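Participant: The structure is given below, and queries will be raised subsequently.
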Amino acid sequence: MRPMHLLGVTCLWILSCALLLGGACSDGLLRINLSKKRLNKETLTAAKSARQETNLLRPGDGSRHSLGLSDDDIVPLDNFLDTEYFGEIGVGTPPQNFTVIFDTGSSNLWVPSSKCYFSIACYLHHKYKSTKSTTYKKNGETCTISYGSGSIAGFFSEDSVLVGELVVKNQKFIETTREASPTFIIGKFDGILGLGFPEISVGSAPPIWQSMQEQKLIEKDIFSFWLNRDPDASAGGELVFGGVDKKHYKGKHTYVPVTRKGYWQFDMGDLLIGGDSTGFCAGGCAAIVDSGTSLLAGPTTIVAQVNHAIGAEGIISTECKEVVREYGEMILELLVAQTRPQKVCSQIGLCVFDGSHSVSNQIESVVDKKAKRGSDLLCTACEMTVVWIQNQLRKKQTKELILDYANQLCERLPSPNGESTVDCHQISEMPDLAFTIANKTFTLTPEQYVVKLEQSGQTICISGFMAFNVPPPRGPLWILGDVFMGAYHTVFDFGESRIGFAKSA
């Protein structure tokens, strides 16, 4: 069981995905292609209410197919906001379609069960019906899994699983009967397909790649990720089982051995800011490559140095100071004019008032376990500012002192999940950052480690680094999520127990 998965499901903004069909290619590789969608108000609204449903290819006979190069032989995943990558699989015969996160930070496959009656998430997603599958085998062993974003509970079953054109027979997977987290309600993925090692698999269920290996479905004992970070590209990336796609990387891969099976863990060295050591990992740190985590998560000691160097501030503090700067005097004047404090924020347009309490605009963007952000933050910041200003008015302070006091309180607000914003106009002035892996430097430019989001016509820039502390002996530990994997094509070689990195192309 994984101790704390930043399930990209840490992710940042999980919304929805529209899946198309696919398969593999004549070179013997099974490709899962990623399609890109830009974020705008219409996309956000549609993402919350719609899912494009498609039919998967026929199950086949379980053998590795001779695959063509047409567009019909691609299984797309959708990429939202460079923070989540989804794909479609089929479970059962005939296949029942499910959207899943392909997650190297866990090892179990799970989808909602038709026997899930008491979790809202199950009613909002596709559910597996064992009675409709001719290849279903009963298991019944119960289980639970805890993620950083919540937990699931259910029971094991066995059935055929279709990934592209590969049919994995008798795959042990979990039918969930309880999904305890807003993540699973808001997220448009149905389940998770774990690509970690068997050592962290609950119930000793083999990960899908192990079953592919045992059933001789793939040519080589590897899978590889290319995550496209180009916001204007239609293709979001590609997951290949059984090999690599040479079009998507430059030069040769640098390989490092897996030092601890379970997660894809290896030893890395220092992190450099503009070529200078940050010191904390100079003697070495452990790292995990995790496709289910959106950002780069690491020791607070280093992340604080990084965010200081790039001028990052906590998201809550940033929004709060914006409210004080833009609306502070207006709030003060409304309170002096005896406006009811509960109505101030709705009156200036930062909250929507429903007659009894303030609620936010219905645009959801999600950081970590899917708490609302964006307009919610402005509304929350406004309501806090009203309380602070009202309190200072009772003390008969001057306008300057009142606003300065509110601004100081804004600076003290913690970011609940460690996320930070940066000034989008300062990206070109930020330093390069570099991880030391196998005595080589793997550089991230500001354009690569800053995540840009468009919301309500505005662009918000997020630091790709967040604090996450793992104590010894497991830590200090870095989690290299999609920000890193977007810059570096990554090979997961389970045959040789190693990981390879090369510049993405």
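A Cβ is built for glycine as well, from the same backbone N, Cα and C atoms used for every other residue.
TrEMBL labels come from automatic prediction, so no person has curated them.
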Participant: Quick one: which of CYS410, CYS424 does TrEMBL link to CYS461 by a disulfide?
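Facilitator: Looking through CYS410, CYS424, the record in TrEMBL gives CYS424 as the partner of CYS461.
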Participant: Show which residues of the chain containing CYS461 (disulfide bond), separated from it by at least 6 in sequence, have their CB under 8 Å from its CB.
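Facilitator: Residues satisfying the criterion: THR421, VAL422, ASP423, CYS424, ILE427, VAL450, VAL451, LYS452, LEU453.
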Participant: By a simple count, how many Cβ atoms lie within 10 Å of the Cβ of CYS424 (disulfide bond), its own Cβ left out?
Facilitator: 12
Participant: Mind giving me a neighbour count for CYS116 (disulfide bond)? Other Cβ atoms within 10 Å of its Cβ, every protein chain shown.
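Facilitator: By my count, 23.
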Participant: Suppose we draw a 10 Å sphere around the Cβ of CYS122 (disulfide bond). How many other Cβ atoms does it contain, all chains included?
Facilitator: 23
